Amino acid sequence: MNSHSYNGSVGRPLGSGPGALGRDPPDPEAGHPPQPPHSPGLQVVVAKSEPARPSPGSPRGQPQDQDDDEDDEEDEAGRQRASGKPSNVGHRLGHRRALFEKRKRLSDYALIFGMFGIVVMVTETELSWGVYTKESLYSFALKCLISLSTAILLGLVVLYHAREIQLFMVDNGADDWRIAMTCERVFLISLELAVCAIHPVPGHYRFTWTARLAFTYAPSVAEADVDVLLSIPMFLRLYLLGRVMLLHSKIFTDASSRSIGALNKITFNTRFVMKTLMTICPGTVLLVFSISSWIIAAWTVRVCERYHDKQEVTSNFLGAMWLISITFLSIGYGDMVPHTYCGKGVCLLTGIMGAGCTALVVAVVARKLELTKAEKHVHNFMMDTQLTKRVKNAAANVLRETWLIYKHTRLVKKPDQARVRKHQRKFLQAIHQAQKLRSVKIEQGKLNDQANTLTDLAKTQTVMYDLVSELHAQHEELEARLATLESRLDALGASLQALPGLIAQAIRPPPPPLPPRPGPGPQDQAARSSPCRWTPVAPSDCG
């Protein structure tokens, strides 16, 4: 049986046809080209069917190990594509950047639909109170529009968290998305969906609302709409504004800033972005936050009090703004008070926010009025110069009065005691002023010492470190030069030690010539004069 006919799980026809694989060797005389051992469309299915062995139907009779390896690689690539896991670092970075952009767009769309739902809710509430009723078709249409925007918002929130889970998988190299679904993440997603799902549903639903009036303490019963309880929590959707600010912040999107923050163990979140904005433009942030909170709280108080305020004091928008303003500033005149627990709760939160904003305003104003470090240095320098001049003037006054006292007591024939007492008085005043200025100058020196903050100390330490590093480098260079000089001195010393021997050898007289010895004849002398000369003759001639 051919190894490509059955794989244990998928049955194929073994007859001739498009789906059949060749089981016999191809006939070269049939006029048809030889078929491949298996079709490309069945590679993934056949890859792990049986161990690789030579195929008898192969036109060349080669084993199928190479084809099986290629099938395994294709299976692995298919599994990577199916799991969404990139194949290398470049693909992972590109996929991560694309997920970042998709998450940013989803956050923008979620904020747009969330704000759209709030605007339509406020419009429907105001129109249903003064223009038409809750039973009208216009109210039903606006509520349907709110429900549609809420459904789209919920879908966008789900997609946003799906992108976040994909980013978690890419960053941590996870293969299963359920790894990222911790209990905390599930709770936060559920809470966010619950907050975004609150909205006034289409229809007219009422309930009995009982309250006690503020000054008369008389009970007040009214038939209120359920939309009041479902409309006010819609302002919780404004948390999406902080998410959009974070995702669009240059600090969050800049790779260099994120790298530096990671090295310094800084988490880039909404809190960090708000701190940065409070450092850059604190006045603008406080102004926008205060005005927004003021308007939202005033409208909420108006909606809460409209069913029990028969005199239209707090149910009027201007009256509600006055109540919120005096509560925000912690004044509390008492001319206007809320009747319902809803209005009292809003006023309580307004008072807490007002206390916090007041503290922030005081801190911001104090920081703005404080001199900078450069201004402090300039101010201290100018004060020191003025004090130095005043001390010099006081010393000159002391010398002048001393001379005048001496002049009017010793250099005149008849001293004028009144003038002498006058100059003595000025003399004592000059001495006292000089002593006082010296003490003031000492205090000024203490202020200068206090002006050296931790930043100045850190800067001084950095400068000292640079100086020490430079001195260390110069010291190493000097040591290298000294080592080179020492080696040269050693060589020069060795040369000087060998110099006497060379001089003695140069001035030594040559030895006297030796007397000739009688003996050999001319042939022996010729042989002795060239004993090492070689000629291509018999060896006996050299011996």
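Including glycine, each Cβ sits where the backbone N, Cα and C put it.
Annotation comment: Swiss-Prot describes 1-92 (among others) as region 'Disordered'.
Positions annotated as compositional bias 'Acidic residues' by Swiss-Prot: 65-76.
Among the features that Swiss-Prot reports, transmembrane segment is placed at 111-131 (among others), with the record citing sequence analysis.
The transmembrane segment annotation in Swiss-Prot covers 140-160 (among others) and rests on sequence analysis.
Per Swiss-Prot, transmembrane segment is recorded for 179-199 (among others), and the stated evidence type is sequence analysis.
Long-range contacts of the transmembrane segment (228-248) within its own chain (CB-CB distance under 8 A, at least 6 residues past either end) are made by residues 103-104, 107-108, 110-111, 114-115, 117-118, 121, 125, 153, 195-196, 198-201, 268-270, 273-274, 296, 300, 303-304, 342. Feature annotation from Swiss-Prot assigns transmembrane segment to 228-248 (among others); the stated evidence is sequence analysis.
A Cβ distance under 8 Å defines the sequence-distant neighbours of the transmembrane segment (277-297), meaning residues of its chain 6+ beyond its ends; these are 235, 321, 324-325, 328, 346-347, 349-350, 353, 357, 360-361, 364, 367. If you look up Swiss-Prot, you'll see 277-297 (among others) marked as transmembrane segment.
Summarising the annotation, Swiss-Prot assigns transmembrane segment to 346-366 (among others).
Residues or ranges marked as region 'Calmodulin-binding' in Swiss-Prot: 384-463.
Positions annotated as region 'Disordered' by Swiss-Prot: 505-543 (among others).
Marked as compositional bias 'Pro residues' by Swiss-Prot: 508-521.
Counting Cβ pairs closer than 8 Å to the transmembrane segment (111-131), the top stretch among 140-160, 179-199, 346-366 is 140-160. Mapped onto DSSP classes, the region 'Calmodulin-binding' (384-463) shows 72 helix, 0 strand, 8 coil.
Predicted-model confidence for the region 'Calmodulin-binding' (384-463) is 81, expressed as mean pLDDT.
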